[in-house]
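Asks: I'd like to ask you about the structure that follows.
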Amino acid sequence: MTEPILQVEHLTKRFGGVTAVEDVSFEVFPGEIVAVIGPNGAGKTTLFNMITCFTPPTEGRVKLSGENITNKKIFELAPLGMMRTFQNLEVFGSMTAIENLMTGISVQLKNRVFAAGFRLKSAREEEQYAYEKAMELIELTGLQGLEHTLVEQMSYGQQKKVEFAQTIISNPRLVLLDEPMAGLNEVETEAMADTILQMRDRGMTFLFVEHKMATIMRIADRIVVLDFGKKIAEGTPAEIQKNEDVIRAYIGGDLDDVKSS
Amino acid sequence: MKNASKVLYPGRWKGLVIFIVLIALLPIVVTTQYVFTLLILLGIYSIITIGLSLLIGYAGQISIGHAAFYGIGAYMSAVLTTKFNMSAWLAIILGMMTTFLIAYFVGVRVLKLKGHILALATIAINIIVYTILNGWTEMTGGALGLGGIPKLNFLGIDLGNQVNFYYFVWIIVTLVIIFSGNLIRSNVGRILRSIHDSETGIEALGIQVSKYKVLIFAISATYASLAGSLYAHYIQFISPSTFNVPFSILLLVMVMVGGVHSIWGAMIGTVAITFLNEGIRYISHNYLHVSGEVEIIVYGFVIVVMMIFMPNGIVSLFDRFQKRNKEHESDSGLDLKPVDVKGGA
């Protein structure tokens, strides 16, 4: 079997007396699309923040291609090929769409201040490279015609596209999406799902948190289910749909009550 | 594929050409010694405020301590030339390098702070430098100041001559504008602007924000150092009080009034405040018969009014004007930020 790209080992997070995430372990393999689901407050975002080094875990560790990344700094992850998006969009509002995308590719550039100030050949070449790459992504994500629009003037759905494009422009190996479809309408949701599938075919691996079940069932290869901070199930969409613990977690109470009613 | 910088940031040179023509022609119109002196000081101040615009307007960090770096530059030039007989040019460059290093190492610690606390820390830097300049008497001459600083001489051209020095200063300002403009129009510029919008976002894209904050802080300090050296060689006498906190505040007022998000805004603010300053002095002295620091009261008033009615500074007037005139393509080049040109809020 191939080596997992991401290994989450016994991650636990306690805030004072509250345990937000408790002993969660799972693996993600290259080329997979894995979804993390769970009712509100199940600890999905905390888990996500621990994997992406935004919050240090109380216990446990995270490995990227075998390398321990648990206590790395946020900015050290992108160079390793791991990128993330945010639930409340972290785009650059005062910049245009194309500038946002070009900023996304920074990790591949040298960004030397003096080369830029004196406009040396290396800086001009980097600029051209970033521009061409960004135009490619504009087309791929369907943002044509909006290249020079300020991101803060865009609709929520368009901003989501910008954030997604800016996250994948540098060709990361592993992309973590925090509710990529939240706030999108049906058409936009489908388009986002298609883009994710398309990027998977280009070799990217995805781990995402989402609430829209229909979309999850359509694109996810595997699903990890959290409830009250614990992993209660893991499996293919078909398995998860039939899993009694999952149904109980979502509907509440006893499954027999649900069935009989 | 089209040329990236042409598509992204059009119409830059037109503004620069207008600027250069204006600078070249001004000495023909201006004949009074007094106004000439002002024009030279304007150039010197502009070098600092352009740097501040990079730091405040683009990277979103504040400094109320740039008079300190201005002072370090001035005193490096003064001390090295008068006490160690060093070449003035070498002293200027050494001054800039020293300031860069000092600002860099101070910045590494200080720029971890944010907002008001950062503002206070930069004031503290200013006070420390001021105290040293005042107290290290055998080197700096203390409160009595340091005189006898030589005039500059460039390849046989006497820069002690008012007109020559005027051109010399403004050529340097032009180079500073081009360097800063290049910086803003590169990926480094986009990183700086992204810090302003979302530090979290840019960190997640693999950029160590602190590194760029510190770099831009050090670069803007180096600009101030260069300006300080020019000032020292022009006035030929310096004393610590020039480099105290009130001047830092004055610089900040200039940048705010002109428009913090634009290099041209910084320059417009510098011009506006410098002339306002002279105007206040003239009126208060000759008509109101008051002396002392009256201008501080006026600055306070100006800032309040500006922040209420024109938070983006005087330069935003040009944006509004442009927007009304050309909806399709506007490129008078007065604004360096393409975002405002393309139609903004």
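Glycine is treated like the rest: Cβ placed from N, Cα and C.
Unlike curated entries, TrEMBL annotations are predicted automatically.
Copied straight from TrEMBL:
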{"type": "TRANSMEM", "residues": "B:12-30", "note": "transmembrane segment"}
{"type": "TRANSMEM", "residues": "B:36-56", "note": "transmembrane segment"}
{"type": "TRANSMEM", "residues": "B:63-80", "note": "transmembrane segment"}
{"type": "TRANSMEM", "residues": "B:86-105", "note": "transmembrane segment"}
{"type": "TRANSMEM", "residues": "B:117-136", "note": "transmembrane segment"}
{"type": "TRANSMEM", "residues": "B:165-184", "note": "transmembrane segment"}
{"type": "TRANSMEM", "residues": "B:214-235", "note": "transmembrane segment"}
{"type": "TRANSMEM", "residues": "B:247-276", "note": "transmembrane segment"}
{"type": "TRANSMEM", "residues": "B:296-318", "note": "transmembrane segment"}
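Each of the listed features needs to be described in terms of its position in the shown structure.
Replies: Residues 48, 51-52, 55-56, 86, 88, 90-92, 94-96, 98-99, 102-103, 118-119, 121-126, 128-130, 133, 139-140, 146, 149, 217, 220-222, 224-229, 231-233, 238, 240, 242-249, 251-252 of the same chain lie 6+ residues outside the transmembrane segment (B:63-80) yet bring a C-beta within less than 8 angstroms of a C-beta in it.
When Cβ-Cβ distances below 8 Å are used as the criterion, the transmembrane segment (B:165-184) is approached by residues 12, 16, 19-20, 23, 27, 36, 39-40, 43-44, 46-47, 50-51, 53-54, 58, 152, 154, 159, 192-193, 223, 226, 230, 234, 263, 336-337 of the same chain, each at least six residues removed from its ends.
Residues of the same chain lying 6 or more positions beyond the ends of the transmembrane segment (B:214-235) and with a Cβ under 8 Å from any Cβ of it are 40-41, 43-45, 47-48, 50-52, 54-55, 58-59, 61, 63, 66-67, 69-78, 88, 91-92, 95-96, 98-104, 107-108, 110-111, 149-152, 159, 165, 169, 172, 176, 192, 242-243.
Under 8 Å from some Cβ of the transmembrane segment (B:247-276) lie the Cβ atoms of residues 15, 38, 41-42, 45-46, 48-50, 52-54, 56-58, 62-68, 70, 122-123, 126, 177, 180-181, 184, 295, 298-299, 302-303, 306-307, 312-316, 334-337, 340, all in the same chain and six or more residues away from its ends.
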